[in-house]
Amino acid sequence: MWSVVKSVLAALLGVQSNQKRQEDFSSGKPAAYIVTGIVITLLFVLVLIVLATFAAR
Amino acid sequence: MQSAWRWLLVISLSASGSQANANDWNMPVGVTDISADIFGLHMTIFWVCVVIGLVVFGAMFYSLFRYRHSKGAKAANFHEHTSVEVLWTAIPVLILVGMAVPATATLKNMYDSSDAELDVMITGQQWRWRYEYLGEDVAFNSNMSTPRTQISGAETRGEHYLLEVDEPLVLPINRKVRFLMTSDDVIHSWWVPDLAVKQDTIPGFINENWVKINEPGIYRGQCTELCGVNHGFMPVVVHAMEEEEFEGWLAKRKEAAAEEAMGVDREWGMEELAERGESVYQAICSSCHQAEGQGSPPAFPALANNQQLIEDVDWHLDKVINGVSGAAMPAFRSTLNPVEIAAVVTYTRNAWGNDTGDVVQPSEVAELIAQ
Amino acid sequence: MSPKLPPQPHVQHSTTAVADGQSHAHPAPPKGILRWLLTTNHKEIGSLYLIFSLTMFFVGGIFALVVRAELFQPGLQLVQPEFFNQMTTMHGLIMVFAAVMPAFTGLANWMIPLQIGAPDMALPRLNNFSFWLLPVAFTLLLSTLLMPGGGPNFGWTFYAPLSTNYAPPSTTFFILSLHLAGISSILGAINIIATILNMRAPGMRLMDMPLFVWTWLITAFLLIAVMPVLAAVITMMLMDINFGTSFFNAAGGGDPVLFQHLFWTFGHPEVYIMILPAFGIVSAIIPTFARKPLFGYASMVYATAAIAFLSFLVWAHHMFVVGMPLVAELFFMYTTMLIAVPTGVKVFNWVTTLFRGSISFESPMLFALAFVVLFTIGGFSGLMLAIAPADFQYHDTYFVVAHFHYVLVPGAIFAIMAGVYYWLPKWTGHYPNERLAQWHFWFSIIGVNLTFFPMHFAGLAGMPRRIPDYALQFADFNLLSSIGAFFFGASQLLFVLGIILCVRGGKKAPAKAWEGAEDLEWTVPCPAPLHTFETPPVFHRTSH
């Protein structure tokens, strides 16, 4: 689970090592990455909205 | 060949002769606290970019020079390094956070238009600005005053070519002025660089902005949203005055407005109406219908020898007062006062061979507007 | 190391491609014009796209030169404002939709099947259709210039209500032509996705694909996501103009700002549609001429995905001065600043690829290196524009014009030129004339900077964009820009000359035309025969 989250976060920043990538592609299920990706995207947007709302106060 | 030399001369002059102020090259510091803050942000992010650029391009050109194939460089074969990659992701993030903090503070300040001491309504129109001092009964249009002859090159261009108006917006210094901004037709954008105010004026919506000017002076800007044919000929001029001087100006304008209102009720003669009408026509109508009423079809019909116009005075008044829906002709019922409408209609009906002899009285117009 | 992965050591690419292009399995193609009208071959369609795009590059360029000629000095000399506005609008529309986008699609058509070892595109007839929509669409668009009332004159962003209630009668034709171009793009994108996902050589997995294929895969998804939004917004315009609706008409209860939100929901990802394939091309060329594998291949793929995803969250940074609420301004400022991070990662990766390489400077490499430097300068001004308070001063001035021309001309277009010089040996069997190409490069570099660099100053000093005449203090900058523009325009004739000479002859190129080139396209002969990879090659992984 944590490894999936880490990979998706790496994708968000655009940083990933070859070794980790190969692990992902050999062991992970695509669905897990897609779902995690969508969840993290929503979280990301939500965090920014909260941040902006807070900053605007 | 001669012209080529002239170019070279111009280029060298412009390179050497730039001892003028920094405004020629860079964003102005401006005359408000906000404009100074924005200038600070602008210069900070600029230097951040310069430093990053020097580092990145420095590394790049070093590599290009040092590892030339022609000098027998042998290629290494590394292709990743996680800690370096994390580092060069983290550093930009930190820099950006460092930029976001002051930018957020400035933006909050710009959005705080509370406690204004004066409200001015700014309305964009193809192609002029209308200023209305809310609660003061003072309102006027501001048209570009650069003559067409300068644009065509028939006359020497003046110092403030394209950046001069018949009536500037007059504002007091040291007082918070709130702008309420809207448009009668398409989207315009009201911009004065020295005040760091740029705001779109949108038909059907009202935007807010504000300014507190620190120094008296004349500040010039332009419409910055493409708004049709004469987008380039829609300058903004703000005349900032000491407070007492401004009060005097406002009182005088109020008096003039009251006088104008009285003028509606009296009977006007053909001569005075036509004279007044000509100046209104040149300021308001000529940008579309052209100086001699010849128009530029199909968008802008001719007024000279326009049979429908000549035959039907009611139709003519209706078009000026209520506009033409779905076309560029705006409704002038609130932009021009009854005297001005009567004057310009009278003028149009008797100029350029439209010899109808009609005289339209301001009182008639006032009645039509009231309906 | 996972057992599922094939072994890692370097193995040469298999050379299973057959050279007998006119193999008897294929019926002889029709002769003359019919051959080009009916072709379903990815190479021929790729060439058609590229020729169309080059033609339109010159058409759009001539419009730009009309604009620059009028702006050569203050006053109105050559054209009236009405025609000037049509020229700025047409220049933008043609360059975006008819020059840059079809050029990338043309390169994709030619190179994606060759790079993944596929015999052709997945949907060849659809491929033919998506190309031939384009000449129709743009003939229609250009013909509006001759209609009463003139062509579109409201800027390539066609903000309502200037483009609806106040637009010339030809606007309905403009809408139709954009619809056609949009359908062409969507069909092309579907075809590219189908090809990449289904037709890779056995053994090639997604993470083995060259970056040009990767960036195009992501671009294709962007296209499918946003072209329908463009279609929706122009359909709403059509309804407002012809059927009395009021989507964007405030007098009827509509909202002009809604138009901008919809347009930029399309428009911002569109910006990345025009730059991501450029990243792919540069990521192929730099390793080739540095003779060293691309640094951080996985990071590049991930950064491309991250940019694509962020591109949907930044649209309103084009609208900082329309009067959005403070929270929205802050949100879009933050997301826009964040998009700089994955973009920066790409630039760092390219520079690090150069580090300790063995670098030579053939014309494709020169254009790719210029891309890295000048695109980054465009990125810097983009970062400045992201600072919302400062954008109140920059917005809709020549500073913005300078910014997006830096990312589009020495960005997208230089990458296209780099790609053309890089792959010309594969297409024609001959190397381009290197001396001519180098002249073209240096003239272009001088021209592009002379044209666009002074625009930064003009914008900061207060010159709004899209004006036909300007105040006297902007005269020097405009003079320089105009000289630069004519110089740049004229030097592009060298590009055409170089291509024509290369098609007709020149130094013969071997299958692997560049010493450091690694991808599958270099395993087929130069010129690539009409049909390649009829038997799929067996892909062996090198060292991405």
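Yeah, the Cβs are placed from backbone N, Cα and C, and that goes for glycine too.
Per TrEMBL, the features are as follows:
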type	residues	note
REGION	C:1-27	region 'Disordered'
DOMAIN	C:36-540	domain 'Cytochrome oxidase subunit I profile'
TRANSMEM	C:48-69	transmembrane segment
TRANSMEM	C:89-110	transmembrane segment
TRANSMEM	C:131-151	transmembrane segment
TRANSMEM	C:171-199	transmembrane segment
TRANSMEM	C:211-239	transmembrane segment
TRANSMEM	C:271-290	transmembrane segment
TRANSMEM	C:297-316	transmembrane segment
TRANSMEM	C:322-345	transmembrane segment
TRANSMEM	C:366-388	transmembrane segment
TRANSMEM	C:400-424	transmembrane segment
TRANSMEM	C:436-459	transmembrane segment
TRANSMEM	C:479-503	transmembrane segment
Fill in the blank from the handout: The recorded stretch from C:48-69, C:297-316, C:322-345, C:400-424, C:479-503 sharing the largest number of CB pairs under 8 A with the transmembrane segment (C:271-290) is C:400-424
Problem - Recorded stretch, among C:131-151, C:322-345, C:400-424, maximising Cβ pairs under 8 Å relative to the transmembrane segment (C:479-503) - result: C:400-424
Completion exercise
One stretch in C:89-110, C:171-199, C:297-316, C:322-345 has more Cβ pairs under 8 Å to the transmembrane segment (C:131-151) than the rest, namely C:171-199
Fill in the blank from the handout: Long-range Cβ contacts under 8 Å made by the transmembrane segment (C:171-199), restricted to residues 6 or more beyond its ends, are 97-98, 101, 105, 108, 112-113, 116, 118-119, 121-123, 126-127, 129-131, 133-134, 136-138, 140-141, 143-144, 147, 151-152, 158, 163-164, 209, 213, 216-217, 219-221, 223-224, 227-228, 230-231, 234-235, 237-238, 241-242
Problem - Outside the transmembrane segment (C:322-345), six or more residues from its ends: residues with CB under 8 Å to it - result: 257, 260, 296, 299-300, 302-304, 306-307, 310-311, 313-316, 379, 382-383, 386-388
Fill in the blank from the handout: Across the domain 'Cytochrome oxidase subunit I profile' (C:36-540), the model's average pLDDT, rounded to a whole number, is 94
